[in-house]
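Quick notes on the structure that follows.
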Amino acid sequence: MAPTPSSSRSNQTQYTLIRTPQTKQRLNFHSKTPNPDGSKDPSPPEHPVEVIGRIRDYPDRKEKSPSILQVNTDNQTVRVRADVGYRDFTLDGVSFSEQEGLEEFYKKFIEERIKGVKVGNKCTIMMYGPTGAGKSHTMFGCGKEPGIVYRSLRDILGDSDQDGVTFVQVTVLEVYNEEIYDLLSTNSSNNLGIGWPKGASTKVRLEVMGKKAKNASFISGTEAGKISKEIVKVEKRRIVKSTLCNERSSRSHCIIILDVPTVGGRLMLVDMAGSENIDQAGQTGFEAKMQTAKINQGNIALKRVVESIANGDSHVPFRDSKLTMLLQDSFEDDKSKILMILCASPDPKEMHKTLCTLEYGAKAKCIVRGSHTPNKDKYGGDESASAVILGSRIAAMDEFIIKLQSEKKQKEKERNEAQKQLKKKEEEVAALRSLLTQREACATNEEEIKEKVNERTQLLKSELDKKLEECRRMAEEFVEMERRRMEERIVQQQEELEMMRRRLEEIEVEFRRSNGGSVDETSGFAKRLRSLYSDDDPGMVKSMDLDMGDPEPVKQVWGAVSHQSSNTISSNFTNLLQPKPSENMLTQMYPDRVCLSTVFEEEEVEEEEEKVIVEDKSICLITTPMPSLNSEGLGKENCFNGADDKESASSRRLRIQNIFTLCGNQRELSQHSGQEEDQANIASPDKKDNQFFSITNKAEALAVEEAKENNISVDQRENGQLDIYVKWETAADNPRKLITTLRVTKDATLADLRKLIEIYLGSDNQAFTFLKLGEPCGAQVAKEKESTVQATSLPLCNGHAYLATLRPGKSSQHKSLQPASPLPLNPIENMMEVTPISKVTPNHQVDEFSSPNLVAHLSSTPFITLRRH
């Protein structure tokens, strides 16, 4: 050992007192009998105590001081550096916690000792060191890193055979204030004497007899996990107190004894309380000082035992402490090995404690067992001792057998109870399974129902989609059909209008010729009518231009119609048409109140174009009752009045009035009046009458021919079918126009007729009711009675068709309060064909030009597009 430099006398004295003993100072146990084999050299001495150094890391501090410990490359020599020098200690191994965890430390130094215990050896592992050096942490570990206790149990029981032969018996003892307590058992009486420490009242105190604790309880098993959990739980019952040196300082020694009865092995794990200074620990009070004194007493007693054995003294003071009494077998048994783990701190503040710990370990390492030490088992020198040992083992085995039998009975009882509980649980499980089966069946049924419902839903959805597609297709076809029908109707109306224009031109030509003028000389009525429809603009706008282009006075002719009977037509017209000064010949022929007007459109100040439907004013045919004209020269040409031979003058006037109303040429009438005034003085009354009769006869012939073409008798129609005119009437005093003409079978009812009318109205359908038969202005027919009323019971119209009069329902009754107006009505009435209805005279005298086919095409008003300015 290198000399330590010293600057003071005190330092020399200190190092002299703690000098490590050398080999020459070791004392060997001499044999009482000489060696039988004296010729052979003695075997090398055996070291029963192995010392390992475990250096903990620094505490959790912000500033770490340099370490005072330094390990050589052989990992067996530790050098402690100080300001005045250094000192070396030789150990069997050194481990730093910063470099090696508990697992590496266990595999490197402890695992081989545990393997020896499994084959029957005895081993004692002691944790020695000052408080706060990490002894309990190395022994028991923590949650993340298990300690030596758990790893030892795992190695002993982990590789056991499948039969489960290997098991251990574990005893946990506590040495506190030089008293031994059993941590596995508790005292329920709780009548301990005064002065017992707090926390020890529930523990059982034991006595030492024959180097063992008498009546100590133990736990046995084959599972390392369960046993280690139990050990950790009872270890928490140790006396622990917080001091200035350690926040959780153990105030007692803990001894864990693991016996392996099958092989006779034993493992003793000793976690010693840390030696400490009373002043440094800050212990105050009698009890605290007694705890520290007793802890130091046990440590000092163990130190004396080690020194005595190392020095070879004849007397070893095992009885100085309860701890050394329990460890006596570990030091005296030849098969026992001691592993002493020295826990130290590298902190310079703990240098004095570190030196004391290393000196204690170096002293224990000097213990040797020489070759001359008698081996009682080997040579059989002491049979009595071996017999005692065998007897103790047999007794232990007997006790163990008895305990196993009692445990077996207890386990059988527990097994029976467990079987009963198992049967109950099985019954409950069976009931739950049956219930689960029922619910699964219900769930299956519900799933089947859901599947069926889904299938039905999909089927209905597909059918609905098909129906919707079919309805859409039918609607498109219906719209297309209506569009075509409207186009055909427009074309037909245009053709009829063209035909009427030609007829009117012919009438104009004939009229001019009859007056002695040429066709080319006059450009009045015919040219204006031709120019009216030759352009693309609507006719009504042209009529407005005609009225406002050349304003001339319009004369209203008022006259009286004679109600006296006459045998000839000429005498009748002679009395009716008396020429007056400054009056036109045509105005003389219209004594009724006639005023031809044009509907002017108001311009609205807006930003987009609108279509306004302008309806011509309905032509009201006003006739006065006339006596029948019995002329033999005229035939029955009127289809509505077969009794008269020739039309009256009033009927002819109304026919011409309708023609002029169609054209809307009010100014032309005044021009003709002016021209005829000039010719009134030249032509005689007889010549005027002849000319007038020639023109009216030709117009009458054309009208009769047209009426014969359009009016087809009922006999000429198809067998079994009827024609029905549908008329819309908002109120009794406000008659409207014909809607349409329907053809039905003879056995049809009003209900069938309603369906056809609703189909015709389409999306603009409006509630309506039929008026009672024969009473167009009377009460209404109930809807539920329509299926019982035949269509043949409707009144005849013009002798060849039936008339059905409709009236709006309750939702549209308020329209009856509105005055009759040619302005646009509701959407349904605007869609209807505009047909002027004439009031029928008592004699049913109707003009040929008022037939439905002609009037329907002449009275429709074209659309007029007004551009907003």
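Including glycine, each Cβ sits where the backbone N, Cα and C put it.
Quick look at what Swiss-Prot lists:
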{"type": "BINDING", "residues": "Gly129, Pro130, Thr131, Gly132, Ala133, Gly134, Lys135, Ser136", "note": "ATP binding site"}
{"type": "COILED", "residues": "393-515", "note": "coiled coil"}
{"type": "COMPBIAS", "residues": "38-50", "note": "compositional bias 'Basic and acidic residues'"}
{"type": "DOMAIN", "residues": "48-367", "note": "domain 'Kinesin motor'"}
{"type": "REGION", "residues": "1-50", "note": "region 'Disordered'"}
Where Ser136 (ATP binding site) sits in the secondary structure, as DSSP reduces it to three classes: helix
For the domain 'Kinesin motor' (48-367), mean pLDDT (0 to 100): 80
For Ala133 (ATP binding site), nearby residues of its own chain (Cβ under 8 Å, 6 or more apart in sequence): Arg56, Gly274, Cys343, Ala344, Ser345, Lys353, Thr357
CB contacts for Thr131 (ATP binding site) [other CB atoms within 10 A, all chains]: 24
Lys135 (ATP binding site) CB neighbourhood, other CB atoms within 10 A: 26
Listed in sequence order, residues with CB under 8 A of Ser136 (ATP binding site) and six or more positions away: Met127, Ser250, Asp271
Those binding-site residues listed as Gly129, Gly132, Gly134, and which of them has the most Cβ atoms within 10 Å of its own Cβ: Gly129
Count of other CB atoms lying within 10 Å of the CB belonging to Pro130 (ATP binding site): 23
